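According to TrEMBL, the protein has these features:
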type	residues	note
BINDING	C:Asp134, C:Glu159, C:Lys189, C:Asp193	substrate binding site
BINDING	C:160-162, C:Asn194, C:223-230, C:Glu246, C:Asn281, C:302-304, C:Asn349, C:His358	NAD(+) binding site
DOMAIN	C:194-355	domain 'S-adenosyl-L-homocysteine hydrolase NAD binding'
There are 4 protein chains.
Amino acid sequence: MTESAYPPISDQLEELESAQEEGRRKMDWATQHMPILEAVREEFVADQPFEGERIAMAMHVEAKTAVLVETLAEGGAEVAVTGCNPLSTHDDVSAALDTHENITCYAKRGVDDEEYYEAIEAVIAHEPTVTVDDGMDLVAAIHEDYPELIDGIVGGAEETTTGVHRLRAMDEDGALDYPVFAVNDTPMKRLFDNIHGTGESSLASIAMTTNLSWAGKNVVVAGFGYCGKGVARKASGQNANVIVTEVEPRRALEAHMEGYDVMPMAEAAEIGDVFLTTTGNRDIIVEEHFEAMKDGVLLANAGHFDIEIDLEALSDLAVDTYEARDGVEAYEMDDGRRLNVIAEGRLVNLAAPVSLGHPVEVMDQSFGIQAVCVREILENPDEYDAGVHDVPDELDKEIAEIKLAAEGVDFDSLTDTQRDYMGSWDHGT
Amino acid sequence: MTESAYPPISDQLEELESAQEEGRRKMDWATQHMPILEAVREEFVADQPFEGERIAMAMHVEAKTAVLVETLAEGGAEVAVTGCNPLSTHDDVSAALDTHENITCYAKRGVDDEEYYEAIEAVIAHEPTVTVDDGMDLVAAIHEDYPELIDGIVGGAEETTTGVHRLRAMDEDGALDYPVFAVNDTPMKRLFDNIHGTGESSLASIAMTTNLSWAGKNVVVAGFGYCGKGVARKASGQNANVIVTEVEPRRALEAHMEGYDVMPMAEAAEIGDVFLTTTGNRDIIVEEHFEAMKDGVLLANAGHFDIEIDLEALSDLAVDTYEARDGVEAYEMDDGRRLNVIAEGRLVNLAAPVSLGHPVEVMDQSFGIQAVCVREILENPDEYDAGVHDVPDELDKEIAEIKLAAEGVDFDSLTDTQRDYMGSWDHGT
Amino acid sequence: MTESAYPPISDQLEELESAQEEGRRKMDWATQHMPILEAVREEFVADQPFEGERIAMAMHVEAKTAVLVETLAEGGAEVAVTGCNPLSTHDDVSAALDTHENITCYAKRGVDDEEYYEAIEAVIAHEPTVTVDDGMDLVAAIHEDYPELIDGIVGGAEETTTGVHRLRAMDEDGALDYPVFAVNDTPMKRLFDNIHGTGESSLASIAMTTNLSWAGKNVVVAGFGYCGKGVARKASGQNANVIVTEVEPRRALEAHMEGYDVMPMAEAAEIGDVFLTTTGNRDIIVEEHFEAMKDGVLLANAGHFDIEIDLEALSDLAVDTYEARDGVEAYEMDDGRRLNVIAEGRLVNLAAPVSLGHPVEVMDQSFGIQAVCVREILENPDEYDAGVHDVPDELDKEIAEIKLAAEGVDFDSLTDTQRDYMGSWDHGT
Amino acid sequence: MTESAYPPISDQLEELESAQEEGRRKMDWATQHMPILEAVREEFVADQPFEGERIAMAMHVEAKTAVLVETLAEGGAEVAVTGCNPLSTHDDVSAALDTHENITCYAKRGVDDEEYYEAIEAVIAHEPTVTVDDGMDLVAAIHEDYPELIDGIVGGAEETTTGVHRLRAMDEDGALDYPVFAVNDTPMKRLFDNIHGTGESSLASIAMTTNLSWAGKNVVVAGFGYCGKGVARKASGQNANVIVTEVEPRRALEAHMEGYDVMPMAEAAEIGDVFLTTTGNRDIIVEEHFEAMKDGVLLANAGHFDIEIDLEALSDLAVDTYEARDGVEAYEMDDGRRLNVIAEGRLVNLAAPVSLGHPVEVMDQSFGIQAVCVREILENPDEYDAGVHDVPDELDKEIAEIKLAAEGVDFDSLTDTQRDYMGSWDHGT
């Protein structure tokens, strides 16, 4: 195995033992509320489907992800894991994970850019047979810097919209050299993770960072994809007046037909109280918008990267900046207006000081799919060419059925007559 | 041209002139609220894209559809049209359409089965070059009984979920011999027609047929496809307590995660006050369910065919049946319970006496797509093989943009930087 | 008894028998869905609390009210009844009521002003001991023209917000000479009748009159009292974008905090698609507003009187008016804009051609209170001085309990410990 | 002045200076988002209405309350303040307040019972002329132990439902010896504080304490008063399935008619995932309920006192208890089920570790009323007898108008014609 100088978390932390205990306590709570992974883990422990495999992971290392990491490890894999965002790691969870005999964890909160990439290289140095990404850092680094490893990689899985988007671009360029499941694109992932997960946790994070209310606020949601829909719907459910900005006419029309105000950001900037970007694109809120905003507005981002709010331009405009609250940086304009940026414009439901990331149950569904995708690529490697693959419907349904059973929700089955009917076309009015 | 003995509506109606006037007044109202078709019609009148073509249509003949029929006719086509449901025709609108020099209309309300199919044959006798269906009656009849016409047909368009479902089954069997656009499957059609159209108009039809309230009612929605979602959401918005039944685990889970009660129909039957089927499948509410229901329940269907509620079984169970109200047939059980079936279990937003079908604006969007699909198949016939085709995204977007412009809703455009970013994948965290 | 020349409905109708049958069928349907009145009727039939009393009623005479009229009659009263709005009477129901041996019914649809007041006088000629009003026509006429009857009147009950408002003004002037229960002001009445009843039925009436959709529409609701709240909430639940106008700062703030847009009518006029007045006040939409409106807007009123939309001013502005649809009068402006007035600006959920009035269940609650109020005033006449009286809480609770029992809804009771706690104040943190 | 040995916070804290700075920073944030108090403060600074008065306060001492305390102090009063709940004090805010020359602050987090009451006595030792309570601790202590001070007290104001409830009981016993404004009972307070404030902040506190989701959860809300309505509505807006328990039939019916499931707690206990008590009464969730609950449920209280969940009984049932997370105590049953109690059953939006109390804007409204009530009682002392008084409507409206102006929301005014109409009753149909 290639050597890497970068040490696992256990070699970096002081007061390691108490961190491990605290991390374990967090993981226990998550485990209690992740019935899907619990069911999958039982199966994996019995079947050992990952015997002899090496799984490399770059994920937000906190309690919920840790349950996925353990689930894979207990299926027999050797797992190496690091963070996918310098601010989202919980060091205690990282430390707790690192105690598992099959797991090496390199994630540490607050590392600088150099350390961040060293940790990714340390994970890659384990010479993975499978990669699991949240933002395609591993896929990118392997293709760019370690192409010699690609032959040994059976496949991968990618968690986010943004990562899948970039993978598809790479695939179209013919530059993706092994199969990767687009976990993000499953109905399960989109509906539950993006709509309920991003929606609920972004709003709760902002509320608990600012102590402000949603009722009667003009909340500007940039983007009406699944994340934007989630944020809009949940904000509406807290009695906010939601304004949507979009660039795709059908989504703009969809938002309009649901009763939201739709307008260009240049107009929304003048009336918004809170701005939430969810587009996955860059430069959504820029200089001209900052100049039009009211005093005291809140700016936050629920997209993967911190490129949606142009903080550089905002800094240039500001005559002063200061920490108004934990997790809130105030930018004071020369006319006295204060624009408050939450969590440095990073993914707000992960990066704000109080943030806990997606709700446990939502990640349970998302990670359940990840787990069965890893099983699938290893069981049926020949069925998947290099490139981006949709998650097979049967896996998605398997997870839904596990979840419904865990919630005690019963539902109907097609009768034979109904099944025949669905397949027939030769009858009249 | 093949001859058909079946006469157009003008030869069937007494008091023809007043019917024509009334029909025209209905069409005028619709036209006022159909800005998409209005914009498309202007283009067609100028370009005459259908010069020399013969379009056969089997649609619900009422005011809104009539605006589509006219729009196609004014694009230069000779149009022959009949109904797709014996109860949904408005004779006055049918008569008004028949006055147009390019249009022959055979639709008549309340025809029997034999007449219904004679009218379809009369339409087919025009030897169409294009078919436009709502339930694939024309496609089915042509393939079964007039295969010799297929060579002359450039293509078709199908409006409903059910029709598309049957066409796909036919396509998979290799039995569909010309290209048909699945208009139903566009995002525009599904979101607006199914969710808003079916949702709003089914509930309003039931309310205005029964004079009953939704608030506090247990409303059982069978199926959580687009129609079911629409009915569930709108009923919830009228303060009903919505219960969903499903057979697909992901849809069942989606409904559960949105906060609806999910359960098998056998359980729902015991507590429901109103039952609405939206599945497109048969035998959704059957004998065992009737036996479990409370006194006074309402039963209605929002799916295409009247096969979802097993009325034969209900008749067998009943000791008496009588018309409780216009559009409501009461079935009295031997224990005194009365089960009230609305509009004979036919598509409730079309077949109830007060029903007006989908809202005008919703049909404007749906028919706008129909119109540009007909244009597309005639402009680019070589691009489409025999089989079911998705509506090209660009057509769908074209309609969305026309609608937003008509509503005065402005939205953002991607900047060049953003467009580049969406296509790139080579940047870091 | 004073004589009156005005004849009961039975002496006015042709084809009386078929009208009676049709009216009875309508009443049967209502009775099935009015479990509260059913329970009250059983009690009245057994106790005969109104033996020897004469009850005068001026109400919207349709199926639901008829069940109240019968309930009072079966409690032993002689009942004389007429309409409270020339457009809301169903002649068939009126005829069916008139067949009851204890009931004389004078209500007829479409009477002119003179006949309307003659019918009121005919009712008063029965020399009532109790009056039941919907809009205080009886109270007003008796005080103005028949003061000699007041000594014989034990008390009355008033159904509407507007009527109660006028009675309170009269009471403050010292001009109300017998006790009247303000049925409108009970929590039950306000919450269910105004919010659910007015909300649901106004929207359904407009939808089924116009065949238009609510989704994405700017719906301007004038007034944020109980009726306005109901309309706003239900319109929001159909995915409209609701705009509220108000004159009371706390209600304006309440609407704002619920996420609605709040603005003056002069601004709302420019962007509204549908306007619904619910204020109970006059001149809510006037000339300056008509001038600002978009082409094709809908104007409707859900307040008691047709004074909220200034139709006189609208007529003066119009260059042409015509019936655009049954129940829709179009006013064409000189710049071509068409403003569509629904049901002549009268109470839209009663006066539109398709309208059925409030939902049956909602009126069951409201009329249940009416029935026990009449019982109360006759059982305890000495407890109520001349003037407006709130409905005693116990009556209101009695009706709620009857309804919950009928719906099969069980709820908790206070334990003795809890009851003690609610009355104590001597304990610490 | 009476002497008290209990020291102000400044004499109790180490690292006082940094605490003062941090407290000031928190207060600055609050001040930015409290436009009502800002407007009121400007008026008070100019008018000095409290010159020579001594105001005693027992409130939750955190940033928002601190702005009220300062506002009163800057109106010229000498203010002495302590906490009203041992867990709700922020020591840094307390320290910052104590630096104001007119303010002495005794509140300290985590004091024991003895210290808690000593601090109350220390406040009373300032011999107040006005009391401001949140839970009537000051009123109770003064009446019980310092009756000699009552002659010097002009009046008071009480913030909470529970406090007002107890004051009314005291008043009915003839035991309340000075006038107290029931700030809780104003429309403003109820609608915004209880519905939006309690609703939003309770749910956000629970979400951020547990990292769990609301979507699809069975959330049992005990009590359907204003707080219960708020919690139910906001939970529904996060896609929870809400179940309501009640003892008052009209509230039970109201909840039922809004589409919520209503049932006794004994039934709800079996299916609930989260339980939230909002009744203000005791013993809402007791032994029989604990025994029926599912594994992993969450139990929280949003009522004033920690008496709604019977933790003593729960402790007796448990075989083990441990801290599952910060702010979550797990009670393990002998059958392995774990019941998780949040914030020790205390007011969850104040007492959970992450909690920040009500949103700033909501408290701005509530405290705005407090401020003008104190002004009112001092300006017009002779108009208020001993006993509980409703806040005069004009004060409530004054605050609403200040708020609307601050939010830039314009609204209509009655015209003279309309005002006349509202006062008249002498016109017909």
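Cβ coordinates come from backbone N, Cα and C, glycine included.
Keep in mind that TrEMBL annotations are predicted by a computer and have not been checked by a curator.
Only C:Thr160, of the binding-site residues C:Thr160, C:Gly228, C:Gly303, have a C-alpha within 10 angstroms of the C-alpha of C:Asp134 (substrate binding site). Candidate binding-site residues: C:Thr160, C:Gly228, C:Glu246, C:Gly303, C:His358. Nearest to C:Asp193 (substrate binding site) by Cα distance: C:His358.
Of all residue pairs in the substrate-binding list (C:Asp134, C:Glu159, C:Lys189, C:Asp193), the one with the greatest Cα separation is 13 Å apart. When the Cα atoms are compared, C:Glu246 (NAD(+) binding site) and C:Glu159 (substrate binding site) turn out to be 24 Å apart. For the substrate site, the Cβ centre of C:Asp134, C:Glu159, C:Lys189, C:Asp193 serves as reference, and the other residues of the chain with Cβ at most 8 Å from it are C:Thr160, C:Val183, C:Asn184, C:Ser366, C:Gln370. Cβ neighbour counts within 10 Å, taken over all protein chains shown, single out C:Glu159 as the most crowded of the binding-site residues C:Asp134, C:Glu159, C:Glu246. In sequence order, C:Thr160 are the binding-site residues from C:Thr160, C:Gly225, C:Gly228, C:His358 with a C-alpha within 10 Å of the C-alpha of C:Lys189 (substrate binding site). Ranking the binding-site residues C:Asn194, C:Gly225, C:Gly228, C:Gly303 by Cα distance from C:Glu159 (substrate binding site) puts C:Asn194 first. For the domain 'S-adenosyl-L-homocysteine hydrolase NAD binding' (C:194-355), the model's pLDDT averages out at 96. Neighbour density for C:Asn194 (NAD(+) binding site): within 10 A of its CB lie 25 other CB atoms from the protein chains shown. Set side by side, the binding-site residues C:Gly225, C:Gly303 differ in how many other CB atoms lie within 10 angstroms of their CB, and the most is found at C:Gly303.
C:Asp193 (substrate binding site) carries a helical DSSP state (H, G or I). Counting only same-chain residues at least 6 apart in sequence, those with a Cβ under 8 Å from the Cβ of C:Gly228 (NAD(+) binding site) are C:Val221, C:Ala222, C:Val244, C:Glu246, C:Thr278, C:Thr279. All chains included, 27 other C-beta atoms sit within 10 angstroms of the C-beta of C:Asp193 (substrate binding site). In sequence order, C:Asp134, C:Gly135, C:Asn184, C:His304 make up the list of same-chain residues 6 or more apart from C:Thr160 (NAD(+) binding site) whose Cβ falls under 8 Å from its Cβ. The Cβ of C:His358 (NAD(+) binding site) lies under 8 Å from the Cβ of C:Lys64, C:Asp193, C:Gly197, C:Thr198, C:Ser201, C:Asn349, C:Ser366, each on the same chain and at least six residues away in sequence. Counting every protein chain shown, 27 other Cβ atoms lie within 10 Å of the Cβ of C:Lys189 (substrate binding site). Annotation note: C:Gly228 (NAD(+) binding site) sits in a helical segment as assigned by DSSP.
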